[in-house]
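According to TrEMBL:
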- 1-22: signal peptide (SIGNAL)
- 7-251: domain 'Nodulin-like' (DOMAIN)
- 67-93: transmembrane segment (TRANSMEM)
- 105-127: transmembrane segment (TRANSMEM)
- 170-190: transmembrane segment (TRANSMEM)
- 202-223: transmembrane segment (TRANSMEM)
- 229-249: transmembrane segment (TRANSMEM)
- 298-511: domain 'NFD4 C-terminal' (DOMAIN)
- 315-333: transmembrane segment (TRANSMEM)
- 345-366: transmembrane segment (TRANSMEM)
- 378-400: transmembrane segment (TRANSMEM)
- 406-425: transmembrane segment (TRANSMEM)
- 446-465: transmembrane segment (TRANSMEM)
- 485-503: transmembrane segment (TRANSMEM)
Amino acid sequence: MSSNALQWLSLVVIIWLQSVNGTNTNFPAYSPQLKELLSMSQVELNNLAFASDAGKLFGFFSGIAALYLPLWLVLLIGSTLGFVGYGLQYLFITHQISSLSYAHIFLLTVLAGNSICWINTVCYVVIIQNFPSDSQVSVGITTSYQGLSAKIYTVLVDAFFSTDKRAKDYLLLNSILPLLVCVMAAPFVRDFDVGTSKNMKVGFIFMFFVTIATGIYAVISSLGSLPSWLPPLGNAICILVLLLAPLVIPMAEKIREVLLNGEMMKVSVEKNVGGNHVERIESGIEEVDNDHRRGKEMRVKEDIGAMLMLKRVDFWLYFFVYFSGATLGLVYLNNLGQIAESRGFSGTSSLVSLSSSFGFFGRLMPSFLDYYLQRRKYLISRPACIAASMAPMAGAFFLLLNSTNISLYISTAIIGVCTGAITSISVSTTTELFGTKNFSVNHNVVVANIPIGSFIFGYSAALFYLREDDGDGKCMGLQCYRNTFIIWGSLCLFGTFLALVLYTRMRKFYSQK
């Protein structure tokens, strides 16, 4: 298979990995039942949501491993950690083992959360290596599918499990599905010797078409707008077909290669350009010099390691922007089950699917915008995009003070879109601020703020919740999270200001170069 076909195949494989890697995002769909099964308080349940994020505190280990170990091995280590973390919880829930305490469940959730970092690190490294000239676009497309994970898991549970014990169904899928996909993907997670294909533009246009179609279908099905004759199994088949659709691109590249070889028998042409420069064309693939390729790559302010990064003002500005933006949004989505229950809303699964579907579009939008502007030779400011995403998120938190179900739907959709957008933009922001050489470690240091925020925001929300409960550990009514939403909305506004400060600093830096 040609290098370009393998290049596109690696992107398709990363899409599949990201589709099953957001195992922590389906927690709200079964958290109320888990709370009941384990007889936990609201604080203990929030601690489990924190535990899933706490695994990111040790995400730098996956970054270090990616520097010294084969990527396929890093991938398998990550999937094994998730298999053990979720698998033992499943055995406990189904009473096949009986010796797990709450502390054990907490540590297993941390282990499962850490597994996500290992798989994410491999996905980011492979995309940055194999698509150096279109890394932001490729990262945006692939990470958007992680935002769809909760939707995919919900669809599979509805289609293949008929019991009411959704907690065990989700835990079983969380443990087995990522491991199976990682074993299948392991041979393709490596750096291919890629050229510059003349069909790259066509490939990305087709990829955007498939991705947008997938997102539209996910949103429609989440809103309950599917025809009544389409059963849950049919819904699952439609999702799987859409996930397989990107395979058309590497298959088309392979067919193109076969046709060219059949016609020209691997023609080699040498032509002089300016007397000394030689370009070689083989099988329709043009090799371009590295200077030209570097000219198309993303700007990099400086290429530094983690220790030096921690001494930079830009890092701390970026850290707290992410802390009060994407992290805050993730905490809201982690607590979505309890928030919906407190408002008397029964359709938690559909709400989780909705947030997942809009998060998918949020992750995709920056890459689509970047691709469109890049072709017109415009550069997009990452901090400015983050600020533009955080402002509506702040408004969504204040909208939640309204008690209607429509405000819950609208706010959840907005927070899902904005959180997904910031998560996608952050990958290229880390690269632009601190370089690509140590990206696998640097970005894991940045996202370490997620467990910190998860603990602070989640614990404070639980305390406000308990202060308003009716004596049996449950709280019903808008007052349960009123103070929480006011604080979160105000903090998000402050984060918007910090993002504008970071944008000003970066603009000043580039204007002086």
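Cβ coordinates come from backbone N, Cα and C, glycine included.
Between the transmembrane segment (485-503) and the transmembrane segment (378-400) there are 3 or more Cβ pairs closer than 8 Å, counting only residues 6 or more apart in sequence, so the two stretches are in contact.
Against the transmembrane segment (315-333), stretch 446-465 shows more Cβ pairs under 8 Å than any other of 170-190, 345-366, 446-465.
A Cβ distance under 8 Å defines the sequence-distant neighbours of the transmembrane segment (446-465), meaning residues of its chain 6+ beyond its ends; these are 42-43, 45-47, 49-50, 52-57, 59-60, 113, 117, 315, 318-320, 322-323, 326-328, 330-331, 334-335, 338, 342, 426, 430, 475, 480-481, 483-484, 487-488.
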